[in-house]
Amino acid sequence: MPPSLSCLMIRATVEKGAFAKALHDYKTIVLSRGTSLDHQTIAYVLETCKNALDLMTASTMHARIVKSGFGSYPSVLSSLVTVYLSCDCFDVAYKVFDEIPDWGFNLVSANLILASLFKNGEFHNASKVFRRMPGKDVVSWNTMIMGCVRNARPKEAISALRHGEQVHHLMAEKEIKLNSILSSALIDMYSKCGSIASAKKVFDSVPRDNVSVWNAMITGFAIHGLVSNVLETFSQMENEAVSPDAITFVGILTACSHCGMVEQGRKFFVLMRTKYSIEPELEHYGAMVDLLGRAGHLDEAYSTITSIPMNPDLVMWRALLSASRTHRMTDYAKLAIEKMSHLESGDYVLLSNTYTSTKRWDHAERVRELMKKKKIRKKSGLSWAELGGGIHQFRAGDRLHFYSKAIYMVLEGLMRRIKMEGYVPTMDLALVDVTEEEKEGNLSCHSEKLATAFVILKTSPGTEIRVSKNLRTCYDCHCWMKVVSKVLNRVIIMRDRIRFHRFEGGSCSCNDYW
């Protein structure tokens, strides 16, 4: 059947990108005159609603689609889903998606739906969509793996790993051939979810003629602080005649930064330009500032910021601020704050903590008062642990968890045992001038300690403990984790905002440098 006149008019307007006029034409020609809908008109109107983010018209069209008998057309339902996703109506989008019969799945549309759900953080629904898809192509698999990677934030990292492992196993069952894109995505996913051994296993089993595969492995080792593995992989890369790119050197410099290897970092920073003709970008300069600052070379870090050929970004100044707190350099902390165009709560807290670490209580209090005046609240420290398929969240001093009483009993018992092993609470980390007993009480209730105690309570001896935190772990919790891993003879893997820590036998993979 030839398209109607109304369809042709709307189509012409949509193709010109005049979405507002297309909607006007639809309302005046179709709605006001009671013109019956045809399949093509529906398609163009829904496309217009998606681009114009017109949820009201889309909802009206949805009702007319059902009344006109087009509610069972898979292509129409798929278009409706994409419109609702564009308008952030995820619940409605998923309900409509559920109405699409399996036989009517359009792979291209399904992949778009999958990508949209991941993009908007709808991890659970995206996983359901993926499982429902009767057919999957390379785009489907890659979207799913990258979704796991993107959702490997502190809270979601544990469940993202579980989903990622399921996808990987399913790919093996279906004998899906791993190209460089899928290989890189799998390595990246395993690394960011804390399973670096699985990432290395994938790396060792796939073709490595593409630089992206090497970059994924080098970056994975870097976020785990395994600098020797990074350097070994880079050497292997050179031996196999794969040329590095800018991303390769970001990974290498990051690894050097996490391990305090200043001379190695300087060497690679020069090497990228002299041997490989790669001009340093903002990320490379930022990694160098972080490397120098962490190692206590604040003069050189500041000099690097002020001498780069582009405008320094917030990340650089924040790296200098963090280094100032670590090395108790209040002058550089003040300077970094003054140079930052947009301050977050953590920046004020770092400045306040820098003053506190040098016992300048009055300066620290002024920063706190400024935060109150500007109504800036400190970001809460949160930690998570997975048990029985569920994610359990803890905050410092948390007493609301169902097992709270038992968790604190485990903490008290652990504290007695680890003190016998030589653990001493780091009192100077308390942020206010209070009594020693209060300081120790505050430290013992940090969120990562509560999460760890919960897993110890609910699992059998020998089980690997995995926890995640949204902030950088403090020195005291780091010492605590080391001694607990030794006393209980258990591996503890903790992901904080900066990197992964693997505690085993009383030591940490970061070698106490993070």
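Placement of Cβ uses the backbone N, Cα and C atoms for every residue, glycine included.
Listed in TrEMBL:
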- 106-140: repeat 'PPR' (REPEAT)
- 210-244: repeat 'PPR' (REPEAT)
- 422-514: domain 'DYW' (DOMAIN)
Can you name the far-off residues of the same chain, 6+ from the ends of the repeat 'PPR' (210-244), with a Cβ under 8 Å from a Cβ of it?
180-181, 183-185, 187-188, 190-192, 196, 199-200, 203, 250-252, 254-256, 258-259, 261, 264, 272, 276, 278, 499-500, 502, 509-511, 513-514
Go ahead and report the DSSP secondary structure tallies for the repeat 'PPR' (106-140): helix first, then strand, then coil.
26 helix, 0 strand, 9 coil
Per DSSP, what is the helix/strand/coil residue tally across the domain 'DYW' (422-514)?
37 helix, 16 strand, 40 coil
Tally of DSSP helical, extended and coil residues in the repeat 'PPR' (210-244):
26 helix, 0 strand, 9 coil
